[in-house]
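Working notes, structure below.
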């Protein structure tokens with residue numbers, strides 16, 4: 001299953017899942033997506 005955590009590095013409104021995911025990768029997550037304009041990172045747990 002996946003665990004989620006709000007991104008610490010993402011700045012501004014989250015409008016693009018791709019941008020969010022690439023920021024999440026720099027935070028050692030495996031991906032990410034926008035959720036209510038916030039960038040939420042995901043990784044297996």
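For all residues, glycine too, the Cβ spot is worked out from N, Cα and C.
If you look up Swiss-Prot, you'll see 3-45 (among others) marked as disulfide bond, on the strength of similarity to another entry. Around residue 45 (disulfide bond), a 10 Å sphere centred on its CB holds 8 further CB atoms from the protein chains shown. DSSP assigns residue 45 (disulfide bond) to coil in the three-state reduction, outside any helix or strand.
Residues or ranges marked as disulfide bond in Swiss-Prot: 14-34 (among others). In the three-state DSSP assignment, the secondary structure recorded for residue 34 (disulfide bond) is strand. Around residue 34 (disulfide bond), the same-chain residues six or more apart in sequence whose CB sits under 8 Å from its CB are 14, 15, 16, 17, 20, 40, listed in sequence order.
Counting Cβ atoms from all protein chains shown, residue 20 (disulfide bond) has 22 others lying within 10 Å of its own Cβ. In three-state terms derived from DSSP, residue 20 (disulfide bond) belongs to a helical segment. Taken from Swiss-Prot, the feature disulfide bond applies to 20-39 (among others), supported by similarity to another entry.
Listed in sequence order, the residues of the same chain lying 6 or more apart from residue 24 (disulfide bond) and placing their CB within less than 8 Å of its CB are 7, 10, 30, 31, 32, 39, 41, 42. Taken from Swiss-Prot, the feature disulfide bond covers 24-41 (among others), and the record attributes it to similarity to another entry.
Residue 39 (disulfide bond) falls within a strand segment according to DSSP. If you take the C-beta of residue 3 (disulfide bond) and look for same-chain residues 6 or more apart in sequence within under 8 angstroms, you find 42, 43, 44, 45. Each of the disulfide-bonded residues 14, 39, 41 was scored by the other Cβ atoms within 10 Å of its Cβ; the lowest score goes to 14.
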